[in-house]
Amino acid sequence: QFFVFCHGLLQLSQLLVSGYLKSSISTIERRYGLSSQTSGLLASFNEVGNTLLIVFVSYFGSRVHRPRLIGCGAILVSLASFLMSLPHFITGPYEYDQSVASTFSNTTDLCQPGAAGPWANLSAASCTPRASRENHEVLLVMFVAQVLLGVGGVPIQPFGISYIDDFASERNSPLYLGILFSVTVIGPGVAFMLGSAMLRFYVDIDKVGAAEVQLTNKDPRWVGAWWLGFLVAASLVALSALPYFFFPREMPREVGEVLHTHTQLGFPVVLLRNLRHPVYLLVVLAQVNISAMVAGLATFMGKFLERQFSLTASLANMIIGAVNIPGAMVGIVVGGAILKRFQMSLRQCSALCVLGMLLCLLGAFPLLFLGCPTQRVAGVTYWDSSGFGHHDMECNAQCHCPERGFNPICGSDGVEYTSPCSAGCRNVNIGTNSSVLNYTECSCIPGPGLARPGTCGTGCSHLFVPFVVLSCLAGILASTSHTPSFMLILRSIQPEDKSFAVGIQFMLLRVLAWMPGPVLYGSAIDTTCILWERRCDRRAACRYYDNTLFRQRYLGLQFFFEVGAF
């Protein structure tokens, strides 16, 4: 029982690492200028290290000191998590365009007619050889950390489960495995809540004083302390790893036990026998579709909520961790309970799966229409009659704005401008704690020429609650098919192939869903970008998406996989 407790704790902390990355992905994109395709690849890269080794591990399972190997794997996971936060410590402080001169930047982004000076150096100085080298180093460190995370995670689940199953009584084994399974479902929820808590702090909380931070967490330039969660998770994993070095290679069995011996057939024989089994193959393919959907959802749902409903990263994570993931847990439990209550046959199991997916489709379809178009951004999504957006524009031609300035402001006319300079604002009013109150004398904004800092937002808050309710409902319905689909696999294959068939199933899910899923979603999201940030002449993170296209392609992909599963 102590082993089960330790293993639950370790699995929770391990999931905290991989789940936390997903919760902070939009922040890491903004901080290091990554496209969603790159960040999707990063998020799924731990599966690479995992998949390479998982076959060997299942094969050598019984010949090694399992607890000690789990401990070593956990130490590796802990190191990987520390490594994930390293980029924060090897790069300089986060820099952004601002209207108030500060200690690390004396340039401001107001309109300064005739003075090409302060502006000229801003766009040129930002690309030193060090800056471009830093970017490669950051990506390299993160990808290596992800591979190590995958490799370290290899022994943890299979060895833990086989160790428990070997030494628990037949009566208790399902209970113990059930506890572990519920932990693996709770884990991601805890990870998103951790993300929600950490991203409220400013990224350079350890490098600059609180007085110098001029951003609030609602600002589009805000970057939260993404690295902090990795330190927390790494410490937890390291603590959980300690007891494993003191467990014995073998334990006395719990009482009431019958030993089963397995005949070992050749690898290819069993593989072909399972893959030729139509029920096995079809159910695994359905699970591949559901997993691909979940992989993309988990990685980019936060980003989607941030952009579509103008939420902070912190709030988006809170919603996912407190609403969507618990919803999926409820679905899994309900599906299992229906199975147990009605003692279902295989045919009834498959009917339950089909029904769950059908209802899920009905709930998910309206989501495609719950959203708002992109806000009007001058020169990006909106051109007025005065010809805004052309280089010979009358209203800010004399400002000499840099092309890559980004400090969005919202004009009194409800149009957003990418920077005070592009709106032709010549004056800024500062509040007590050096925060910007408003901008005045903006030559591009009609009427009083006033603007407030920050984005205008999508004006979509009224659709937010219906969206969350429907998506949670669709998630509950889809996850009711989880347990019956596993039953279909376990009951339709020969008993001696069971563990092998489950191994192959997880392998196929990894290769066909968890690895390509986030990359596919990321690429789809990238195609909807309308304004890219540029760093050192490379395309960096996306500044503005076409919100309607983003929603249609992101949720459309999700819907496609749900239909596939159905």
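Every residue, even glycine, has its Cβ placed from backbone N, Cα and C.
Those TrEMBL annotations? Automatic predictions, nothing curated.
Here TrEMBL flags 1-566 as domain 'Major facilitator superfamily (MFS) profile'.
Under the heading transmembrane segment, TrEMBL lists 41-62 (among others).
Positions annotated as transmembrane segment by TrEMBL: 69-90 (among others).
TrEMBL lists 138-163 (among others) with the feature transmembrane segment. Long-range Cβ contacts of the transmembrane segment (138-163) within its own chain (Cβ-Cβ under 8 Å, at least 6 residues beyond either end) map to 3, 7, 10-11, 14, 17-18, 21, 28, 32, 34, 38, 42, 45-54, 57-58, 61-62, 66-67, 69-70, 72-81, 83-84, 86-87, 90-91, 177, 180, 503.
If you look up TrEMBL, you'll see 175-203 (among others) marked as transmembrane segment.
Under the heading transmembrane segment, TrEMBL lists 223-247 (among others). Counting same-chain residues at least six beyond the ends of the transmembrane segment (223-247), those with a Cβ under 8 angstroms from any Cβ of the stretch are 2-3, 6, 9-10, 12-14, 16-17, 20-21, 23-24, 27-28, 30-31, 67-68, 70-71, 74-75, 77-79, 81-82, 84-85, 87-89, 94, 191, 194-195, 198-203, 205, 217, 313-314.
The transmembrane segment annotation in TrEMBL covers 279-298 (among others).
Summarising the annotation, TrEMBL assigns transmembrane segment to 318-339 (among others).
According to TrEMBL, the feature transmembrane segment maps to 351-371 (among others). Listed as Cβ neighbours of the transmembrane segment (351-371) (distance under 8 Å, sequence separation of 6 or more from its ends, same chain) are residues 286, 308, 331, 335, 338-339, 344, 460, 463, 466-467, 470-471, 473-475, 477-481, 484-485, 488, 547-548, 551-552, 555-556, 558-559, 562-563, 565-566.
Here TrEMBL flags 389-443 as domain 'Kazal-like'. Mean pLDDT across the domain 'Kazal-like' (389-443) comes to 81 in this model.
With a threshold of 8 Å between CB atoms, the same-chain residues lying at least 6 positions outside the transmembrane segment (69-90) that come near it are 7, 10, 14, 17, 21, 32, 134, 137-138, 141-142, 144-146, 148-149, 151-156, 159-160, 163, 203, 226-228, 230-231, 233-235, 237-238, 240-242, 244-245. With DSSP classes pooled into helix, strand and coil, the tally for the domain 'Kazal-like' (389-443) is 3 helix, 18 strand, 34 coil.
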